[in-house]
Amino acid sequence: MEVEKSKYRSEDLDVVEEEADLKKSRRDRDRSNERKKDKGSEKRREKDRRKKRVKSSDSEDDYDRDDDEEREKRKEKERERRRRDKDRVKRRSERRKSSDSEDDVEEEDERDKRRVNEKERGHREHERDRGKDRKRDREREERKDKEREREKDRERREREREEREKERVKERERREREDGERDRREREKERGSRRNRERERSREVGNEESDDDVKRDLKRRRKEGGERKEKEREKSVGRSSRHEDSPKRKSVEDNGEKKEKKTREEELEDEQKKLDEEVEKRRRRVQEWQELKRKKEEAESESKGDADGNEPKAGKAWTLEGESDDEEGHPEEKSETEMDVDEETKPENDGDAKMVDLENETAATVSESGGDGAVDEEEIDPLDAFMNTMVLPEVEKFCNGAPPPAVNDGTLDSKMNGKESGDRPKKGFNKALGRIIQGEDSDSDYSEPKNDDDPSLDEDDEEFMKRVKKTKAEKLSLVDHSKIEYEPFRKNFYIEVKDISRMTQEEVNTYRKELELKVHGKDVPRPIKFWHQTGLTSKILDTMKKLNYEKPMPIQTQALPIIMSGRDCIGVAKTGSGKTLGFVLPMLRHIKDQPPVEAGDGPIGLVMAPTRELVQQIHSDIRKFSKPLGIRCVPVYGGSGVAQQISELKRGTEIVVCTPGRMIDILCTSSGKITNLRRVTFLVMDEADRMFDMGFEPQITRIIQNIRPERQTVLFSATFPRQVETLARKVLNKPVEIQVGGRSVVNKDITQLVEVRPESDRFLRLLELLGEWSEKGKILVFVQSQEKCDALYRDMIKSSYPCLSLHGGKDQTDRESTISDFKNDVCNLLIATSVAARGLDVKELELVVNFDAPNHYEDYVHRVGRTGRAGRKGCAVTFISEDDAKYAPDLVKALELSEQPVPDDLKALADGFMVKVKQGIEQAHGTGYGGSGFKFNEEEEEVRKAAKKAQAKEYGFEEDKSDSEDENDVVRKAGGGEISQQQATFAQIAAIAAAAKAAAAAPVSAPVTANQLLANGGGLAAMPGVLPVTVPTLPSEGAGRAAAMVAAMNLQHNLAKIQADAMPEHYEAELEINDFPQNARWKVTHKETLGPISEWTGAAITTRGQFYPTGRIPGPGERKLYLFIEGPSEKSVKHAKAELKRVLEDITNQAMSSLPGGASGRYSVL
């Protein structure tokens, strides 16, 4: 049973195995079929993709799209495969449960793994093949692109070749035109030379002789024409014989020669006709002129009864008005004075000699009177004949120094008949002499002047300095607007919207109170609320959206309607309140309404600012809006390259942002050809109070006087003192004043701290502040002077704090790069003077430190206003010491007006200073806005003269009795018999001392009485420049002492007289050159200039004194740089001084006419 059971069991196992094998074979077959199907479908899809790629080979995006689709399909297949694998695993597990053979399961697993590996390998190979195909496709595309580029390059080269060919053709045509034009000009020149020769010949002969000359000239011209034709015929025959081997070429050249021959013959005929007509016209004019001259002279001789009023001689030279043109293009008319000079320079027997030569037609040589008969008449050049006749004799006479001979009265103009005949040639000779002296053939540039009464010799030095050294305001000439017709322009562009017009007056007042607006004026427009209510263009509104300008600021809400209405305006607002945008937007609308600016036109809008940094700031703000509108803006300020500014101004610009000094330089350069102010209708003065305070009032006034009166003028500033407002209202027409907040108030968003600290503790406190604030943002430190700025900069570098420095002594490029680095976060710490207190708008400036207290209230407002701008918060710390107590009241005022707490120590310091002021111990500190610049008025001139006299008196110089301003103005006699007051006093003192010594040894019985002593004393007192000495009457026993005193005085007087007689007489003068430009000082102190002047005048010139910059005063016993002139005569010294003044004036005018490239500072970039 057990055997049978095992047998059955084995049979069952075999059946099971067979069934498993059948199942496996079926499964393998199914899998192979699926693989084949997958491969077929994969191949079909690959073929489809390739077809699609071939069709869309020009687009790389299609490839990417196909790749994305293929990737999605692969992912889907991968999911399906995983699902099938999971099912397979389930089935296998089920089979494993049902099957007892674990070996079969393992083999199945091994087969499945192999299948999976093969599938993955095939997949990788497939991916590799696809990558290769994609790479080949890309390479194919790149080759196609390269082919297209080559095709484009080939086409471009073809176009360039065609253009070069066209250029060659044009160049060839241009050369041909130039050759033709050159030939034409040569023909015209030859024709003009012939005409001139004919004119000169006709001038030398009379009426009858001119006809004979014309006939002979015509014969000669015909003969020359015939010879020229014969030569041309021979040339053409020779040319045709040389080219017989080419009949075609020969025929072409023959045709060309015939055409040329015809044209030349026609030209000769036309020329001959013109000459005939000209000769006939001249002949008629000669007859009319001679007849008119004869009648005039007869009438004059009869009226005056002169015996010399005879007929003019037949051979007299003639001058005809309208016939003096020549090849250089001189005007045709000749004045009567020139005609007279030509007649006067001719010898008296000129006409007779010519008649003899023409009748005989031969002569041995050309006579001095101008004969033409040296050779045959046809071979004489008329120009040579004229030179030999007229010019050479005069040159010989001039060289010999002989006066010209007297001329007949018949050759004189009617205006000269009242004078003697002997004076007329002398006057004409002097005119010719003047022309020859000014020529280039003179041996020296310094010829002995003939006129001793030259006003420049006696010119006062003060007048010379005023005439040569004009101020910038004086260089710009005034304009008479009544003589200029200006084009009308529109100023009112504002239309009030309904939302604003519906507001009641109470609502308007409430709205202004909310904005802290105060308005003064008549019919003031209501303030706006949004940008679209201004009436600006859509481009400007779009630009403001891009710049995130959401809502107008208080000054803008009121300034925009006022300025857009065409009213003049004064705007006073705190720092950082948007004043710049308040005048920029209306100016752009004003400019767009006017005709476009062309090259050579001046600007329409002119913006003036006091500092270069503020000019750059305004220019950058305007550029944000002007670029989209197509409006050009040019900054004009000193210290930068002027060439670029001039080129941009010449091309034309609508807006100029400038400093007043450089603008006047530009307007005066090249006589005003660079730009002008004729089209300026919108004038802006930003920080106007500072410009008036810095002394720009004369320049600003002169610029405003050159602008049309009906302009629109706008003034803006953060501070506006009353005295400056009075000056500003002179240039405004019924202005409207806008005031935001207080008149000069610090922004309330700024936290102000004032610390009373001595000088020694400030640096450590500054380092503490830097440690606290350096992480938060930028820091600006203000100091009082340039030296303090450099010293603090060095200390900060030593303390390992990277920082920048900025002050007016630096070069302009350094200043610009420093501000740029500070704004662009290159360095977050800047040490500056008050030059950065205005116009510097830096984002993220969190802290301002006044290391030195500002010297007036307005400067404090502007310094602190560099932070807390455009609604942001800021902080300002100010250091003050007891030595700066005079500035404490200004700080207390600033804190109280801006509602900030006042420290107790600061209040005590201010109160103590005011107590001293009331007691008269201290003097109150001013605002600094009284106008520190020059007034250029008579009062200031009188103050200057008084100070000069006081200084001269302090140094021991006494004024002359003639109320002269300067001792150097007069040429004085040196070392003569005069004795100065100081020397005379010293002589008296020495004489008295000698008398005292001699008194002891003198005998009592000296024969000198008191009366003699008084007489001698009186004579001594009468000496010029000697102080009178009172000599007391001496008793009889002191007669010896008195005699000794008189003897000593006589000895001193005799010695001085002997010394004066021994010294040669000479004169001296002084010329101060300290205040002239550097190149002028160098020129007049160089030996190349002083040597010729000394040789010419005989005066010795030496340089004395020391150069002192502007503002520095020489110390006691020192003098500014001057020239000391000594000479043997007063005339030589005067001439030397006049020549030095002339050199100084020339160099100074050159320096002022050429615009400076920029003021060189103390520092420059190496």
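From the backbone N, Cα and C atoms, a Cβ is placed for every residue, glycine too.
Source: prediction; values computed, not measured.
Scan Swiss-Prot for phosphoserine across Ser56, Ser324, Ser444 and the hit is Ser324. Feature annotation from Swiss-Prot across Ser25, Ser210, Ser414, Ser820 places phosphoserine at Ser210. Of the candidate ranges 510-513, 686-689, 806-809, Swiss-Prot annotates residues 686-689 with the feature motif 'DEAD box'. Ranking the binding-site residues Ser577, Thr580 by how many Cβ atoms sit within 10 Å of each one's Cβ puts Ser577 at the top. Cβ neighbours within 10 Å of Lys579 (ATP binding site), excluding its own Cβ and spanning all shown chains: 24. Around Ala573 (ATP binding site), the same-chain residues at least 6 positions away in sequence with a Cβ under 8 Å from its Cβ are Pro554, Ile555, Lys579, Phe716, Ala718, Ile738, Gln739, Val740, Gly741. Each of the binding-site residues Lys574, Gly576, Gly578 was assessed for Cβ neighbours inside 10 Å, and the highest tally belongs to Lys574. The secondary structure of Lys574 (ATP binding site), as reduced to three states from DSSP, is coil rather than helix or strand. Across all of the motif 'Q motif' (529-557), the predicted model scores a mean pLDDT of 88.
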